[in-house]
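Contents: one structure, followed by commentary.
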Amino acid sequence: MAQAKISAKASEAAAQQQQQQQQQQSGGQLRGRFYRSTSMADRSSRLLENLDQLELRVEAFRDAASAMEQEKETLLEMIHNIQNSQDMRHISEGEREELNLTANRLMGRTLTVEVSVETIRNAQQQESLLHATKMIDEIVNKLLDDLEDAKIRLMSLYGACTSDVPAGPIDQKFQSVVIGCAIEDQKKIKRRLETLLRNLENSEKSITLLEHQKSSVRQSCNSKQD
């Protein structure tokens, strides 16, 4: 009997010890999971903060590349305007040839710089961009037929792209198309229209100056005949 009681107590003690060990292990696992969870949250927070900072740098990088795209367009336009300016027509042939060589060299060096910022578009934005581009191209293709009408139509398109109070009528249809484009495409469409209008204005000045010169020549000839 004594031996049985001793064995029973030993078994009970062993059972209690095993139960305590299990509880400790269970508590340790819970504490371990808790600590791991806290550590994961810290890491996640740090990673998110890094990504937020990188997002700012990515946007700044895209803005800088877009600025370079615009600078390239501006440089090419300025070189082209110099080559086709009235001043170039009123210098000696040798000087004009030398200046054109310099202008061509500068244009060539400008064209060696390739900058491209791709715009992310959905299907609707892509369709709107194609539609807007087609509407502008249709006017450009008819520039030589009627310069004044083309200028009026381009101004109505430009008025649809600007938040300022337009000087003339707005093409409502074009405005609805542009609104469907991506924001970056809207800016590019506006820049293209600005460039076209500047070129038209320069062309009008050249034509006016040329007509004035022709009139002066005719008056001079008539005076000599009198």
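Using the three backbone atoms N, Cα and C, a Cβ is placed for every residue, glycine included.
Per-residue confidence over the coiled coil (183-213) averages out at a pLDDT of 76. Summarising the annotation, TrEMBL assigns coiled coil to 183-213.
What TrEMBL lists as compositional bias 'Low complexity' is 1-28.
For 128-208, the entry in TrEMBL reads domain 'BAG'.
Among the features that TrEMBL reports, region 'Disordered' is placed at 1-31.
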Task: Helix, strand and coil totals (DSSP H, G, I; E, B; other) for the domain 'BAG' (128-208) - done: 60 helix, 0 strand, 21 coil
